[in-house]
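Presented below is the structure to which this report refers.
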Amino acid sequence: MSGRIEYISGPVVKAELPGARLYELVFVGELKLFGEVVRIQGDKAFIQVYEDTTGLKPGEPVERTGEPLSAWLGPTILGRIYDGVQRPLKDIESISKSPFIARGIGYDKAPPLDLNAVFDFKPAVKPGDFVQPGDVLGSVKETELITHYITYPPLPENAPGEVEWVADGKYKVDDVIARIKTKRGVVEVKMWHKWPVRRPRPFREKLPPVEPLITGVRVIDTMFPIAKGGTAAVPGPFGSGKTVMIRTLSMFAQSRIIIPVLCGERGNEAADALQGLLKLKDPSTGRPLLERTTIIVNTSNMPVAAREASVYMGTTLGEYFRDQGYDVLVLADSTSRWAEAMREVALRIGEMPSEEGYPAYLPTRLAEFYERAGRVVLIGSGERVGSLTIAASVSPPGGDFTEPVTSNTLRFIGAFWPLSPRLAYSRHYPAIDWLMAFSRYVDTVEVWWSKNVSPEWRRIRDVLQSILVKEAELQEIVRILGTEALSEYEKHILNVAFMIREGFLKQDAYNPVDTPTSPIKQFLLMKAIYVYYEEGLKAIEAGVPASILRELDTVKRLPRLRMELTNDVAKEELTKFIEALTSEIRSTTAGRRP
């Protein structure tokens, strides 16, 4: 079960390792560094090492484990900060006695779970009940916000059977809490189990994504929505607001479990993001957001190979909570750094490069990642449903959206939220470019909006979007000929577009009145602008200049409403405002002939 190092090239080690399996976890060198077999040629294995290889030398041992890189799944996951291979960073700090991560700290020294933690286990089954993989056996209260459901693990060796015994009371995470009698023998179930990170967890059926994931961000929820179980990409250059977007989604997205994966970002930026996440409070309860969050951190100065592990690890943790019936959101920042790690490892093991040096399997890996999202019927008894939503940022060099990572990502996502440096530098946040962005979920979530908010939602949204497109066309004329060349109707279009941008699309992520915005407030803000547009058209037909409409008191107040009205009073106050706006615009046509 062991071999010897033959040569070392950065994060890649070649070893003579008879019997090695693809993607098998191995320990490299005297320090027992984490590694994963990524290529096999006869008895030779190419290993990507998840720790710094400085000081390794040929002839040192390589030890096989016989199992793939796996996530440890069970209570005590929530509230922890892991590295790419699920080692708790706080435990590593206490072992290292240094702010820098020491090498060779294995799961024996820093286990991903606190196996000695005691929880009050409440059984959901009783002796004699028939259970199958995926069924809930019981639950523990992991945090004040989350109940952790213990399921019969859907491992290949676990078969359906009869409950022989089930625990009730206080038990450790590593204690047996149930015995299942199957045709293959008796299975002892603990509160935790392992799952290979590259293998998607099973489900019974994939459902269409019909319920929107409300984020509190107006440009997303209304203009370019994402559904629960959907996928989204947030590409943008440096300074365009990707990290603030991830923070906002972490805090306000209506998912029960949030898993941010900081993959390959700058260390200082990751530290700032971590400090911000640790201070966040759950908006509905006031409890620390960390009680329903697990964070995976792999900065740019950590070994590049671990970036790949961090992405798969975060997705596996998300699937685990999805299998408990929760709505889960995985936020990866950023997939470009993961792709760069793939490129470096692929070139070092001698694989044929493709476009811009990336490996030919880049689209396959991106597809495997995004396809693990979904709203699904869970395996086991009953019709339990869970969802895993994936939103990932992309960092194209120089903001070039035609580079391979961004262009391939476009093939596999349902929502595209490109961040514009032009908008960011003009202090328009979120800097989502509404002319480039798209969402494939508008049709599927329309029923939810019509049923829960208003049947007019889709029609008004489409009108406002068409006004923004028309504004872009008119801006070309204005640049050449000036506003004097425009008709009153076209001037009105520009005025309405300004209201859409300033009064609806722009949003202050740090203002508690402006963020988050409830669905009903979003709709009524949108409707107020729509009323200004429609009633203004009638007034212009009656001979009222667009400049007079723009100077009305209610119209002047329109861009400020988002900052003035809280979510709890928005419905009543905005309804009154729309009536006043309609009345004031109509009063301008009194005594005029069309």
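The chain as shown is numbered from 1 upward.
For all residues, glycine too, the Cβ spot is worked out from N, Cα and C.
Per Swiss-Prot, the feature ATP binding site maps to Gly236, Pro237, Phe238, Gly239, Ser240, Gly241, Lys242, Thr243. Counting only residues at least six positions away in the same chain, the Cβ atoms of Val234, Gly236, Asp333, Ser334, Ser393, Ser395, Leu419 sit under 8 Å from the Cβ of Lys242 (ATP binding site). In this structure, Lys242 (ATP binding site) is part of a helix by DSSP.
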Which site among Pro237, Gly241 has the most other CB atoms no more than 10 Å from its CB, taking these as binding-site residues?
Gly241
Chain-internal residues, separated by at least six, CB under 8 A from Phe238 (ATP binding site):
Ser395
Tell me which of the binding-site residues Ser240, Thr243 sits in the most Cβ-dense spot, judged by other Cβ atoms within 10 Å.
Ser240
Counting other Cβ atoms within 10 Å of each Cβ, which of the binding-site residues Gly236, Gly239 scores lowest?
Gly239
Centre the Cβ atoms of Gly236, Pro237, Phe238, Gly239, Ser240, Gly241, Lys242, Thr243, go out 8 Å, and tell me which other residues of that chain have a Cβ in range of the ATP site.
Ser395, Leu419, Pro421, Ala424, Ala431
